[in-house]
Every structure is written in C-alpha cells, then in structure tokens.
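S.K.: Just dropping this structure here.
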2 protein chains.
Amino acid sequence: MEVAALLTSAGINIAVCVTLFSIYSVLRKQPSNFTVYFGRRVASKRSKNVNFCLERFVPTPSWILKAWETTEDEILAIGGLDAVVFVRILVFSLRVFSIAAAVCLFLVLPVNYHGKDRLHKDIPLESMDVFTIANVQQHSEWLWAHCLALYVITFSACSLLFFEYKSIANLRTLHIIGAPPSPSLFTILVRSVPWSPEESYCETVKKFFSSYHASTYLSHQIIYKCGTVQKMKDDAEHVFRVLKDGTMENTSKPIFTHCCSCGGNANSFQMINIERNSALESTTNTSSDLDMRKKECAAAFVFFKSRYAALLASKILQSSNPMLWVTDIAPEPQDVYWSNICIPYRQLWIRKIATLIASIAFMLVFLLPVTFVQGLTQLDKLQKMFPFLTEILKSKMVNQMVTGYLPSLILVLFLFAVPPMMMLFSSLEGCISRSGRKKSACYKVLYFLIWNVFFVNVFTGSVISQLSVFSSVADLPVQLAKAVPSQATFFTTYIFTSGWASLGCEIMQIYPLLCNFIQRLLKLNDDSQNGTQNFPYHTEVPRILLFGFLGFTNAILAPIMLPFLIIYFFLAYLVYRNQFLNVYVAKYDSGGQYWPIVHNTTVFSLIFAQIIALGVFGVKHSPVASGFTFPLVVGTFLFHQYCRQRFLPSFKSNSAQTAIDMDRRDEESGKLREIHQHLHSAYCQYGLLHDPDLPRCFSHCDPDEEDAQFSPQRSLKGKEILKKEKSGSFHRTSSTKAVVLGGM
Amino acid sequence: MEVAALLTSAGINIAVCVTLFSIYSVLRKQPSNFTVYFGRRVASKRSKNVNFCLERFVPTPSWILKAWETTEDEILAIGGLDAVVFVRILVFSLRVFSIAAAVCLFLVLPVNYHGKDRLHKDIPLESMDVFTIANVQQHSEWLWAHCLALYVITFSACSLLFFEYKSIANLRTLHIIGAPPSPSLFTILVRSVPWSPEESYCETVKKFFSSYHASTYLSHQIIYKCGTVQKMKDDAEHVFRVLKDGTMENTSKPIFTHCCSCGGNANSFQMINIERNSALESTTNTSSDLDMRKKECAAAFVFFKSRYAALLASKILQSSNPMLWVTDIAPEPQDVYWSNICIPYRQLWIRKIATLIASIAFMLVFLLPVTFVQGLTQLDKLQKMFPFLTEILKSKMVNQMVTGYLPSLILVLFLFAVPPMMMLFSSLEGCISRSGRKKSACYKVLYFLIWNVFFVNVFTGSVISQLSVFSSVADLPVQLAKAVPSQATFFTTYIFTSGWASLGCEIMQIYPLLCNFIQRLLKLNDDSQNGTQNFPYHTEVPRILLFGFLGFTNAILAPIMLPFLIIYFFLAYLVYRNQFLNVYVAKYDSGGQYWPIVHNTTVFSLIFAQIIALGVFGVKHSPVASGFTFPLVVGTFLFHQYCRQRFLPSFKSNSAQTAIDMDRRDEESGKLREIHQHLHSAYCQYGLLHDPDLPRCFSHCDPDEEDAQFSPQRSLKGKEILKKEKSGSFHRTSSTKAVVLGGM
C-alpha cells in the first residue's frame, strides 16, 4: 500500500466520521429521538422542552464542547467509578501514545526511512514498507534508536500506569467512604448452608449466626429457588395437585407470602415480629411449610450491625469444611444476579472450568465457519451448486460484491455474536453479580479480540496453524519479528475501519435509533424507556485495550500508525464522555474493578512489544540492542509484580480501617439505626409485593435488557407473576408489609 | 541388563541393608551411643540403665517390633502432626503400590512378556527389556490391559488420596482443638508498621490497635533488629562513641532493658505497668530512647484476647494501602525464624522472585560442574595435564576407579550439597517460621530431584538438551514414550542403591555416630545434647515422593519395578517410625502442611504417567487405548481441582467455628486469664534475661543445629551476649522481671 492510498483511506473515514457526527448533532435535537440520545436524562425524568426552530436542523459542535468541559466529578456522579475508570483509560492512552508518537516520529521514523541506501520516490507514492523497521539494514548501527524509543515508551507507560493505579485506588477508597451508606457493605452472601433433615435452611442460618456471630448478627433473608427448572417443577406439582385434590385453592398461594419470613431476631423488630407470627399462623399450614422448605436455596443474605462485622464474616473461613458456609461480601442490591445465586456452590468450580474450556474452544474454532463460507464463495463452487446464479454472477459488480465483500460481512456478523456469547458463558460460570459477570465477559472478549485480530492476522491461517504457534515457543519472537511489521499497514487501516467507524456507530446509536423509528412508525409508544441501558464495558474496554495493544506492538516497528491512533483516542474521549452524560444509565457499578484488567493488559502489551523487539533485533543481528532490551523485559515484569502487591489487594477487599471509620462516623451521627432499618428491605428477590413503602424493591429487580436476553425465565416469571397479581389471584394478607419488613 | 544381574544387584543391596540393620541393632544397645540413637529420649531425660551382658552384642529385631507396634497416637504425641503425615505418606504409598503391583504383575507383565512372538530364553537369562512395554507389538490388541491397569491405579490412588486428605484435614482440626493452648493462636505478626517522625514504632502499633481493635487488643511486643549488618553497625557506633566520649560506660547498657517495654494496656497488667514505668524512668534517658527507636524493626507481635480476634485481625486487610500493616497469624514461639522477621516487608516480593530464579538456575546448571569433572576424568586429558599420573594410572584397578567411580562420587557429593543450598535459598526468601522455611525447601528439593533424577536421566544430556525439551511441547509425550521404558532398568537399580541404601544410612546415623565416636575419643563430653535434631522433612519427603513418582510413571511400562518399590516403602515405614520414636525431637511443627505437597505431587505423577501412556499408545498405534486414556487425564485434573477447593483452604487458615469454640471452652473453664498471662512471656527475641520464672524464654530461643548452619550471626550474637551476661556486664535492675512481664 502506498502512502497516498493510506491517506485517502484515512480521509474517507474521517469524512464518514464527520458526517456521522454532524447527523448526530442534528438528530439529537429532534424531540422524537430523546429516548435514544438522552436515555439517561429521560430515565431521571429531566426531559427538555424544545421548540421547533431552524437551529434544530443545523449541525452544531455544542455536544463536543459539553463533553470536553465536563469534569471528572460530574462523570463520577453520573456514571459511577467505572465510567471514571473508562475515561481514565482513554486519558492514559492519549498521554502514553503522545509521548510514543513524539519519540517515534522524530527519532525512529527517519531511521526507518533512511534505513537502506535507495532512491526514494515522492512521499505520496512511497510504499508503506519504507516507513517500517523492515527497511532498516541488517547489522545496522542505528537500531539503538529503536531501543531508546522502547525504553522511553516503557518508562513513560510504567510511570503513568503506576500513578493511575495509585490514583484510582485512592478514588475507590474515597468513593466508598463518600457514597451514601450502601446496604451491600452491611451484608454478606452465605452459600452452601448445610442441609439438615430437622431444620429448614432458614433456621440453620439463624442458629449458626446467632451462635457464632451473636454480637454483630442483625438478621437474614433466605433465597428462594427460581429459574426455568423450578418453574417447570412448580407447574408439574401444580398439575399433580389439581388432579389429586380436584381443587386449585390450596395451590394458588404464592410462595412470596412466606418470603423473608424468618430470622428477624433484631430487637428493633420484635414488635413487628409478633404481628408477623400471628399473621403467619393464620395463613400457613404444615403442608405449605414443607413446600417452602423445598423452595429454599442453600443460600441467604445475612445482615450485620456494622460494615466491619460484615467484612470480617465475609473474609473468614467459617467452618472447618471449606465447602460449607461459604461467605462473600454481598453485591449491591441492584447488582445481584439472582438466578445465579441459587446455583449450588459445589457446582461452581466445574462450571468455571467448563466455561473456560468452552471459551477457549470458541476462540480457536471461531474462524472455522468463516473460512468455510469463504470457501463457498469461490464462485465456481457456488455456480455448481446453484446453476441459476450463473447469470447473476456474470455482472462484474455482483461478482466483486460476493467474493470480496461477503466473507468480511460474515466475519463482522460473527464478531457481533461474540460479546453476547461471552456474556452467556459468564452467566453460566455462576457470577453472583451483574458487574462481576460483565467483568468476566470483558476478560473473555479481550482475549478473543487479541487472539482473533492480532494473532490470526499475523499468522494467517487455520486452527492448526494457530495452534502450531505454541508448539515451538522458542521460535515465537523470531516468527513475530518477521510477521508483525508486514502487517502494520493492515493494522493501520483496521484503526480507521474498526476504530473510527465504530465511534461513529456508537454515537449514532444506530440500532436503538432504528427501533425508535419503527416504534414511532407503528405508534408503539408504551415502551418509552427501552433505550436506557448500562454501558457495555464488556465490549468497549476490550476494544480500547486492543487498540492500545496494537499501538504498543507497532510503535517502534511502524511508527506511522501512531498519529491515527491518537486521533482515535481523542475522538473516543469526546464520544464516550458524551455517551456517559446522555445515553447510558449506571444501574450498577463494579467500583473500578476494570482498572486491574487495563493494567495487566497494558503490561502484557509492553512485554509483548519488547519480545517482538528482541526478535527483530535478533533478525537484524544487533546483539547490543537485544542485550539492552532484555533487562527492560525483566524490569517491566518486576514492575508488574510490584503493582500487584501494592495495589491489587485493595481492589479485592475493603480495609478494616475504612470500614471501622465509616461505622464510627455513622454511629456518632446516629444514622446507624436508620441504616439497619433500611437494610431489611434492600434485597428483594422477586420485587413484586408492590407497596408504597417499598419503592426500592421494584427498582432493584427491574431486569435490564441484557438480562432479558440471557435469562428469559426470570423476566417471563416476573411478568407472569405480575399478571397474576393484577388479576387479584394473590392472597394478600393485611400484614404483607409486616411480613416483608419484619420478617427479614 | 539381564534378570539374573538385576536379582544379584537386589540381593547384594538386601545383604547390605540386613547387615546395616543388624549392626544398628547392636550399636543402639551400647550406652555410649545413646546420644546418637536415642537423641529424643536423652533430650527428654529418660535415659536407660543398661548393664553389661552378652545380649548387648547380639543382633535382635526388637526395634522392628517396637516400630511396628507403635500406634498413630503415640507418633502424634511424640513427633507432632508432621510425623503422622510422614507416616501416612508411607502407608498411602504402600497401599497404592500394592494395588498397582497386584494388577500389573498379574495382568500387564504377562502381556509384556508374550508381547512379541519370539523364542524365550530361561527367565534368569532374559533381558529386562522383555518385561517392559517395549516388547509389545505395534497395533497390538492387548494394550487394553495397560489401559485398564492405568484406570485401576488412577482410581485407587485418587480415592486413597481423597480419604487421606479428608482424614488429615480432620486430624489437623482435632489436633488444634485438642492441643494445649498455643500462644500463636492468640498472636499476630504485624509487619510494615508505618514510620512516623514523631512516634516510635512501638507507640504507632499501640495507637493503631487500641484504636481499631480496642475491644480485643491485649498488648504487643515490638521486634528489634538483629543480624550481621546490625551487629556491624552496633560495633561501629560503639567504636565511634568510645572515640568520642573516651568512656564506655554509657554504651555498655544492653538493648534488652527496654525490650518489650511498651504496649501493656491490658487491664490486668496495670499494676505491673506502674512498677515498670517507675523502673524505666530510673534506668532510661532520652539518648538511649533514641537508640532504642533506631533499633526497632517495623514489625511487632500483637496479642489478642481471643483466638477468634487474632484470626480476624490476621486475615483482614488492615489499611487501604496493602503494603502497610501487613498481618499474619504468628508462628509458634519455638517456630519463629527471628532473623527473617526483621526483613522489611517491601523486600519480600523481590526476594521471592530472586530465590525462585536462583533455584531454577541452580537446578538447570547443577550438572555443569559434574559433566566438567566427567570430561576431566577422561584419562588421556588427565595424563596430559599431570604427566606424573601416567605411572599410577597404568594399574587397571586405579584406572577403573578414576573413570568409573570418580564422576558418580562427585555427583553424590554435589547432591549432598543440594538440601543445604535449598535451605539457604528458603532462608533468603524471607520465611517467618522455621517450619515454613523447611516446607519451602521441601518444594525446591522436590523439583530439583524430579528434574535431575528423572528428566536428566530420561533425556540424558547437557543443559541445552534439557531446555530443548520445552521447545517442542507437543512432541513431549512421544519423546517420553520412547525414552522412559528404556530407562526402567536404571530406575529399578536406583531404588536399590539410592532407596534401600539410604534407609540403611538413615538408621545407622553415620555422621552423628562418627562425631560421637570422635568426641569420645577426644573425651569432649560437654556437648552431650548435640545429637537432638529436627526431622529433615525437606530431604526425606521429596525422596519418598520421588520414588512414588518413579513408581507411577513406570507402573504399566515396566511393572517389574513395583515389588522392589513395595519393599522400599515397607522398610521405610519401619525405619522412619523407629527414628521418630528414638532419634528426632519435634521442636516445631507445621501442622500437617506437608500433605498438600504430597497430594499435588501424587496427582502430578498420575497425570504425568497418563501422558506418557498416551505417548506410548500413540507410538504403538492404538487409538482405542489413547481414546480411553484421555478422559482419565481430564478426570484426574478435575479431581485435583475439587480437592483444592474442598480441602486446601482449611490448611491455609483456621475456621471461625473452631476458634470460637475453643475460646468459649477456655472462657467457661476460666483458663483464659491464665493464658493471657502466659502470652506475655511466650515470644522472647533474645531469650537471655535468665529468670527462674521465665523458663520458656530459654527453650524457645535455643538454636537448633540447622539454624547454626544458616544464621551464624544469631548464634554468635547469642553466645556473645551470654558471655557478657556471665561476666556481669549487664545492668540488671531489680525490676527486670516486671519489665519483661509487664512491658509486653
């Protein structure tokens, strides 16, 4: 590829981006698109009144200004800590690649360009290869420039990483301290409660915690089975009873009347308890008690009187059998992934291994269907199979379309299936929180992208040749050194087509826009809040990290890529800030857990770049440069180990100091009692006993769109129960509220 | 090698063993050898009175009977949990290899022997290769026998492993519950106390724990710097002051007067505190206070009122900076490795990486000097270098000695250097306990042995060919399949020479016996307790595991090895039980921490054996057998993961339930107050303030021989201080006891 061609390609993509951004700036001003482009504001009920005027149809850069001017505190307030971390990734990338570009463009690029004694053409007609390290002669003494650039990049990246890690760890602590009291800090999730023939799980939990954590235990809430299997079993039992008793009356009692109906031994709830007991006596009988026991999971939320007590209980091995009484700090109420909490704890290890194997298999065989289709699109075969196509395919344009465009279209379509697939794997893995599931999916998508974009393009070929990469580990650096520089042009165009274009698509929100348009066309206006969705960290974080990976690995090999990368990061910075401000709603937050992923990936990218450089210096027969690069690899590894030690533990767990300080502050201000009362209504598994005093119950259990996608049984079940409730088939006792409030 | 030769070799070795055992049974009856063969009993002051009679000089099997009849409870009482675990390793090996031998001798061996249609010679003249899998034809249908045997071995090993793990985990819990109250359960070790310019570490620790653990904190004891560097610095300061002041008076005050002199805020010690304070005021002044601050380490033992509180404090992240206030449960007082406790916590990660790299390097280059010497012993080179040798080397016997015996002698001598070397690495690594150090050394010796005995023999060659094994991972099973069966004879003789012979040496205690003999010859009788030593788990556990590894990998390939292996394990069972009963003293105990090593190694051996079998079945072109072996590998891996999940956590930490139950028991029986009082004198860093009321202080700090080997500065320092004390140069205030007892 020539420079002119590359610049043309860049120009076209820039034009596309500018067009998309302009269209966006017009579309966002149309009131009908508010739900698409201002989902967050619509969700928080702050809709604008916009009158018809000409200005509405003129593209304006106001959104850019707005996105630029927003402070980090605003982002934190709107999008939570995860949004701040995401923006920090972009800022970090901008900084480190600006330094890299400065060094590489002014030092490495001239060395590459003048690497061989040859007659240079005009720059626009020059081949791209002239600008890569492939143009440097063997035994060249100028390779110190590449080595120096590598040092500068590594040192700047490591120091920036260190300060970012430190600052985010601090921010995390401050965020926890500064945020309003979260019920999750007072709550632990207990799984694998031992089964006993005499007692229900509920009683077992109560007995255990009142015995071993008497001074700090507040109350607990048992978790009930849900999911498709349970639904089917319920239905079968229902039918069985109908056939047996000839009446439906004693089966129509929903399981929720008993929900959360035990464990209330906190003093402040004694009064309500009494009411509850009398209410229960009047509504329950022995057979339904047995029913309830069958529907209990071996899991419960246990509430403690202080954050410190909950932290302690979550970190300690409770029983001498580590498979019983497994404790974890509970996720935020809106972050709980209910359908996974019921999974027996003993299954988790095998689920993790199975999903790991499935993900790796998916990663490796992903290209199989694509190559299969590519084989099909060889026209002669197609024509043999479908003779009627012969006429159509005679046209040159159709021919080009089918052979050139169809395979990549299919590849892109398959790529679209990757994040949902990985999300499904993460759901099956058994994560107890939505944020945990997303984080796990983020890892999987990241590995997938790096493998299938980088490695498969570098070692173009089938699954067999993919695997053969590992059969000779020692030769890997040399193989990479030969393959990577020649693919630099492809990666540069990849930045245009996948990077810039994806930002355009992101800001245009094409799919929601279409949905909205069709809805308006068909006048289906009842689902107006469809657009509010959580930020897709599991697709966007890996994308950014992939570009970072490409940047680091190509920085000294083909520095011409760096300016385009900086443009990408800058646009991304504007676009994503705008999206955080306007589109996405932060329903749950992982508390900055994405930063360790970013850190690890960046260090991996750096070490990988250094190993490729080692290979290149080896191929170019420059022992001095190789000799200087080796300590850099060791140094980067040591830096990584130090950071693991220094920062990672504080991302895994709160510190005692923080928890105690927060407890003291609340105790002094007298808030603790109020928090305890709120605790009991915080976690609501079904969220369907609608009560004006329990507004939070509903909001927690509102399934967001991605959940509807992967756990249809839950939303189905929810809808069905809602219908039942509407039709009045629930026996609502007068003390339902007491049952819910006091029972926990 | 022929069968007759193998049996001859076995016979010779058996004769050697029987002779050694007989000599032992005579020598042990001689009163002069009591310190060698009854070190434990001598240490516990139960010496026998034996009169001169003929019986003393007749070999008897009484010791065998005694060793056989001893129950596990006795072993537990005498040698601690580690001894029980060690005996269990032998019992497990005996069981699993009995099953393996039964299957392999009656099923696999006939298949191997009749594998090829050939004329068999008389069995004594038959080559050993006829009994290995190498004798089975390609495409043979009889390979299912090997596959079946592999299944039987794997299933029996896994089920035995599971029940052993379970039983040892239970035993561990029972041992903790049943043992007399251990101070370590009430104590945590805090490292990386933050430095502040205003306060001493002592005050900082007191402030932190009285603030954040007010209800459970009892007191603390700061740790003072020790070691060579500190000694040198002290000396330099001493000289400096002598030169400056012209007098030695103000420097002769030992640092111990202030030792443990703060933190006593427990109510029960208020009275003594007052006494202490007045005593301190009279003996300290500002300049010595500053001295003390300089000598303080950023580490302390912190005592808690209950086991549960100590457990909690040790498991929780204390500060939001994970590099500050690092807490661990404290080792037993006699288990503390004092010189490592002072190592700054920030150094530990780099020390760990450095020792890891050093151990790997040592492992890989270990054979370099040996091959170098082997090169030298080629006679022509030697003769060229030293012409005067020509005459000597003309003798055939000398010639054979030098070429045949010298290299293996050098190898054995180098092998003797391995355990101390690994122990040194483990010391440098920074383990805080002696048992931890021994466990770490055990891992290192194990890897070393498996690498240098198995791999280097299988892939005979230099470092380069060692490393090239890893360059083509995919070919490894096939390479192993070709190499391992041909080495089966070597491994069988290795069992005779290294296994059986080592047991003879072990029971004879040759080195202590010689020392004792020389001492008696020179009439140096003052060091009568020299012989009491801890059991060398770091050399014996790896040895047993290596034989297990050889057994598993060769079981189906060369089953003729198994009977000899069973004899080894049986002899080892008798010998080691005898040694536990009579020779070794259990000064410290890791609490069964060796079992996870055993479990992991056995599972590794199994999987390795299965992979070799896969390779063999591949080489023999038996896809069915390969197909059946593959699920076995997966199943064994899953079994390992399950066991990790099920048992490992209870080896890492006590459970809350256990700790609370023990606390309650002590509280109900009123023992808790007594325990609290004992706590303050439990950990004594120097152990030199000899006081009749503090007998334990001395026993804790008694350096055992292996410590003298690796931390000469400690014992030197101890001796020096002891000398000082004897010469009366200490200022002993009247309230020394109060300082020590109340100060902590």
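Every residue gets a Cβ built from N, Cα and C, even glycine.
Okay, these came from TrEMBL:
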DOMAIN    B:5-164  domain 'CSC1/OSCA1-like N-terminal transmembrane'
DOMAIN    B:186-340  domain 'CSC1/OSCA1-like cytosolic'
DOMAIN    B:351-617  domain 'CSC1/OSCA1-like 7TM region'
TRANSMEM  B:6-27  transmembrane segment
TRANSMEM  B:85-109  transmembrane segment
TRANSMEM  B:142-163  transmembrane segment
TRANSMEM  B:353-376  transmembrane segment
TRANSMEM  B:405-425  transmembrane segment
TRANSMEM  B:445-467  transmembrane segment
TRANSMEM  B:544-576  transmembrane segment
TRANSMEM  B:597-618  transmembrane segment
TRANSMEM  B:624-643  transmembrane segment
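Buried or exposed, and what's around them? Tell me for each listed feature.
M.R.: Away from its own ends, the transmembrane segment (B:85-109) comes close to residues 72, 75, 79, 131, 145-146, 148-149, 152-153, 156-157, 160-161, 164, 168, 535, 537, 540-541, 544-545, 547-548, 551, 555-556, 559-560, 562-563, 565-566, 569-570, 572-573, 576-577, 580, 592, 594-595, 598, 602 of its chain (Cβ-Cβ under 8 Å, at least six residues beyond either end).
Beyond the transmembrane segment (B:142-163), the same-chain residues lying 6 or more positions past its ends with a Cβ under 8 Å from any Cβ of the stretch are 92, 95-96, 99-100, 103-104, 107-108, 111, 115, 133, 136, 552, 555-556, 599, 602-603, 606, 609-610, 613, 616-617, 620, 622, 624-625, 628-629, 632, 635-636, 639, 643.
Sequence-remote contacts of a segment are chain residues at least 6 beyond its ends whose Cβ falls under 8 Å from one of its Cβ atoms, and for the transmembrane segment (B:544-576) they are 6, 10, 17, 64, 67-68, 86-87, 89-91, 93-94, 97-98, 100-101, 104-105, 108-109, 112, 128, 131-133, 146, 149-150, 153, 157, 446, 449-450, 453-454, 484-485, 488-489, 491-492, 494-496, 499-500, 503, 506-507, 597-598, 601-602, 604-606, 608-609, 612-613, 616.
Long-range neighbours of the transmembrane segment (B:597-618) within the same chain, counting only residues 6 or more positions beyond its ends whose Cβ lies under 8 Å from a Cβ of the stretch, are 85, 89, 92, 133, 143, 146-147, 150, 153-154, 157-158, 161, 165, 439, 442-443, 446, 476-482, 484-485, 541, 545, 548-549, 551-553, 555-557, 625-626, 629-630, 632-633, 636-637, 639-640, 643, 647.
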S.K.: If we skip the immediate neighbours and take only residues 6+ beyond the ends of the transmembrane segment (B:624-643), which ones have a Cβ under 8 Å from one of its Cβ atoms?
M.R.: 143-144, 146-147, 150-151, 154, 158, 161-162, 165, 599-600, 603, 606-607, 610-611, 613-614, 617-618
S.K.: The domain 'CSC1/OSCA1-like cytosolic' (B:186-340): mean pLDDT?
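M.R.: Here the predicted model's pLDDT, averaged over the domain 'CSC1/OSCA1-like cytosolic' (B:186-340), is 72.
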